[in-house]
Amino acid sequence: MAPMGIRLSPLGMAVFCLLGLGVLYHLYSGFLAGRFAFFMLGEPEAARGAAGAVDLRELLAVSLEAAARGGEEVRRVREGNVLNEKAKGKTREGAEEKLTSGDLLSNRRMFHLLRAAFPGVQINSEEHVDATDQETVSWDRSIPEDIKQKIQSKEVPAESVTVWIDPLDATQEYTEGLRQYVTTMVCVAVNGKPVIGVIHKPFSAYTAWAMVDGGSNIKARSSYNEKTPRIIVSRSHAGKVEQVARQTFGNKTVIIPAGGAGYKVLALLDVPEKNQEEADVYIHVTYIKKWDICAGNAVLRALGGHMTTLAGEEISYTGSDGNEGGLIASINMNHKALIEKLPNLEKTSHK
């Protein structure tokens, strides 16, 4: 019985209970919806890749998407002939480095997509990212079927991951209309070791990807010539390498001048494209930036190949953005023997 002789009718009790349930529903509906989304879809996007674990399979998937989206900008600018070309400085050898709208717009798309998907991961890019640019580029978190079939989920601490972006490799050739050399690249390094590599060719829509201890969509060529290898080098360094290479391997050695580090790595592999040259060894004899070589290094490692300094040292993808010791890359060859045959090139790399 209610106090002071007041009796609550069954209808009143029902209304009171309904009101109470309504208040509780509004208080906890947001929380429950969030928990439901967590169990159905995973953590909210802003939390993924923050302090915690990063799924390398997801990072591979978004890296593929980033390289493709950057490639769209590269192709659009070149085909529209709106390069807005300008000089951004000089290399150590005194060559002029160029910057185009293709570099900047590709970088913007790639950086913001990766940053939105994995906000807690360090991203190093060749081009400057404007801190005031708050563009949001979303990723739908879909994983391509071939990656699902070949790659298992693998989590690593977010703080161990560094992503290297090259939004437009071979800018010089890009301005000259030598489109076959141009690539966009993404590399993921864990504790300084390259484990994921994506190399995308914007003008043919071909993409090579590989993950160390995971899988790939590309393979090595079946035949190589170790005695008189075909050596692919930068167009500007061909003369510097040719004399030493011919003295080392013989006069029949073929020197292939080419643009772009990504293109040169693909030359070592089985690429189903008519305009892709083939080589046995890739050599670079001067200072080179890590975003130029990280993706290719990861792809080669995943396929059993090697990319080292000219002295045979592994290249670490932490710390500074430059590699001082030049590089030599090969696959299905005796890499150590190649290094021993080229003792003079290591000294050249520091000039």
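Heads up, the Cβ atoms here are built off N, Cα and C, so glycines get one too.
Under the heading Mg(2+) binding site, TrEMBL lists GLU126, ASP166, LEU168, ASP169, ASP292. Long-range Cβ proximity for GLU126 (Mg(2+) binding site), meaning a same-chain Cβ under 8 A and a gap of 6 or more residues, is found for ASP103, ASN107, ILE165, ASP166, PRO167, LEU168, LYS289, TRP291, ASP292.
Using the Cβ center of GLU126, ASP166, LEU168, ASP169, ASP292 for Mg(2+), the list of other same-chain residues with Cβ within 8 Å runs, in sequence order, ILE165, PRO167, ALA170, THR171, THR183, THR184, MET185, GLY260, ALA261, GLY262, LYS289, TRP291. Counting other Cβ atoms within 10 Å of each Cβ, the lowest count among the binding-site residues ASP166, ASP169, ASP292 belongs to ASP292.
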